[in-house]
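Per Swiss-Prot, these features apply:
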type	residues	note
BINDING	50-53, 171-174, 194-197, 212, 259-260, 349-350	NADP(+) binding site
BINDING	136, 137, 138, 139, 140, 141, 142, 143, 280, 281, 282, 283, 284	substrate binding site
């Protein structure tokens, strides 16, 4: 145990309700520190599109939502020490919020329960607000780029050949994370976004930018890559995005990875392309209790990959080699989380990562 008052076992949190949505609760349970579980006093949280999409059958009444948080460890279970986590550590993580199997664990709470193996330590030079915006993006991109797409390089062991890799939706938070990781790994990021985001994505390392609204977008990418593009990461994942990615990939085919289930009808148009989609929580090594197609049993191999990749993210962060997406930081605590979700659903958020400060 740590400094958290033992008598206090309830807290304010954003939880699922009986209508398939979320609400602010002031009597949510505080997680218990046991085994490898630690309790973190949250200082900042970020709101991702996946949080906003958690509606309907994905909602468990009373379960705490949210994936990304940053804060200070206040309690530790007995097994936390083997992951070098102790009370007082500044940490951030991507966890599985709105989890029917661990309903008391979610980022959108005053005190967050998390498995110690999921935690990334925050360097002294990185703020809580910045740290809260890092883990979901960089963890998921690592899975997509270096496991699913099987890129022949790594940020700590760069490719000797600067192969082009398409990032569709480069102005998203996952997009700018992917661009940075590709550059570090020795690849050439070729990116789609709206023209008003060209300067943004080039500041993160994009080699070339293409307007996905342009009917000739795919043809322009094929020309840029000399009809030899072999890898595409789709950060948007809808029919249009997949069609452009498929049309941009070269004559020899290649690999396409999405961040949501992709349209099978588009996949059928070019069987020479290997399509896949990923979700970050598989790297936690836990059963996922969400409905199909997201629910699944724990995969030990993906957990091992996740632990290796988390160590890479920690090293890149310690060395100052990665940075967060541009932030829109809000005061007002957890009440702003629901506002941020609604803004994302209404497509009022562009080029910014929504971060909510929990302390003044």
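The backbone N, Cα and C atoms fix where each Cβ goes, and this holds for glycine too.
Cβ environment of residue 173 (NADP(+) binding site): 48, 133, 137, 324, 325, 353 lie under 8 Å away, each six or more residues apart in the same chain. DSSP assigns residue 173 (NADP(+) binding site) to a helical segment in the three-state reduction.
Counted over all residue pairs in 136, 137, 138, 139, 140, 141, 142, 143, 280, 281, 282, 283, 284, the record's binders of substrate, the longest Cα to Cα distance measures 15 angstrom. When the binding-site residues 53, 212, 349 are compared by Cα distance to residue 284 (substrate binding site), the shortest distance belongs to 53. Within its own chain, residue 282 (substrate binding site) has 143, 288, 296, 299, 302, 306 as residues 6 or more apart in sequence whose C-beta sits under 8 angstroms from its own. Between the alpha carbons (Cα) of residue 280 (substrate binding site) and residue 53 (NADP(+) binding site) lies a span of roughly 15 Å. When the C-alpha distances from residue 142 (substrate binding site) to the binding-site residues 50, 53, 195, 212, 349 are tabulated, the minimum falls on 50. The most densely surrounded of the binding-site residues 138, 212 is 138 (count of other Cβ atoms within 10 A of its Cβ).
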